[in-house]
Ligand code: BG6
């Protein structure tokens, strides 16, 4: 277990959803697992003037909801004693000076400081400016780290501007850019499956792989976040960050070691080797659609436009893209990336389809390797075996390996990321070059989609992938794979 320095976590946007649902319960869980340093403190910062006792009551209600009132009273007392509240009203010019004075009380607050900015993205740069203006980013006596929630920029230009602004005050080692998917143990499993099993590496090339599918589908709709979503769309919301990271982990070269630097360096290399999508052939490489009214688990749900309350939006809730990686390993292998809200099933997975065996047989299906991330964590390898009997016929059978078995620790992505933050381990955080590489690839597509005001394809909520999405496939026999079903589920 890596030793963690005593530190203070300063949580901006503490009363927001992320903090209530993930961060504070996550910190509590870490405390119950004995993973928080003894003197560690949490200073929640919010705009409203809330009394410390009221804030502590509020924390209790967050934990009651999250753990259904089922938690250890002793751990609760210890956790509550770590928690403080600080009001930073937006109209108070001296707010950050007061914050710095409060934090300078070293008898209460350990001086290693991690600032978690769970705030509006438009506030990231100004908060870092203000922290620096009162000396809170200065590392002369103790470490200072800043966590920036997704999205880091809304395009390449704004990402670069944000980077320029925060690096006036912070070194790369102080910046923790979150992509919470990297905190999922199932995602970390991609690298280990690939590199801890020597059998896979020789097969991981264009000679053996027909294509790869990187999928995140949700049955959920956009929920309360209509305005945010309408300004963002599926491509920006999911593909630019989470899915491009899944793609990088699936296709990167083996790092020299599993050190944070080596892993990030290989991810950056592969992201930078992706061929830009040719805008002249956009319709063969990309597809977008929007959900309409439909049924999820038998219940009627509204369409996107009804939820939004505006009939004209053409923003995508379904996005599918085709990439090629310009390296000898991946020559000519299409990599299909798709994400959707309100599809018939939730499914996050990497599915690799291997080329057909050279021997010609009467009925011959394909070999697939599926690494399922959620809702179930498993690896499935599908092979062809003979059907017992007089004829020479084969069928597909699945070799299933559960990646999670009863009794395994269940750790939320944010819990491992918070721990890494305190440990100073950046391997599960994004390097600026990864963020930039991803924006560089997607910006032109986002721009072209924004300019295209023609009617958007729609799919009923609760349906499978829209049949029209097949347009991006290289070959007629390719189809969208659902991770659980055996590989015959053609559109
Ligand atoms: C977020 C997106 O980053 O990830 C959401 O903004 C999405 O739209 C969510 O629903 C999915 O995360 P998870 O961990 O539930 O798969």
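Cβ coordinates come from backbone N, Cα and C, glycine included.
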Co-listed substrate-binding residue [TrEMBL; alongside 180, 184, 237, 341] among 218, 224, 253, 256
218
Pick from 15, 17, 19: which of these binding-site residues has the biggest number of other Cβ atoms within 10 Å of its Cβ?
19
Scan 13, 15, 17, 19, 47, 237 for binding-site residues whose C-beta lands under 6 Å from an atom of ligand 1 and note them, or write none.
237
Argmin Cα dist to residue 19 (NADP(+) binding site) over the recorded positions 180, 184, 218, 237, 242 returns 180
If I take the alpha carbons of residue 180 (substrate binding site) and residue 242 (active site, proton acceptor), what is the distance between them in whole Å?
8
Taking the Cβ of residue 13 (NADP(+) binding site) as centre, how many other Cβ atoms lie within 10 Å?
21
Measure from the Cβ of residue 218 (substrate binding site) and count the other Cβ atoms within 10 Å, all protein chains considered.
19
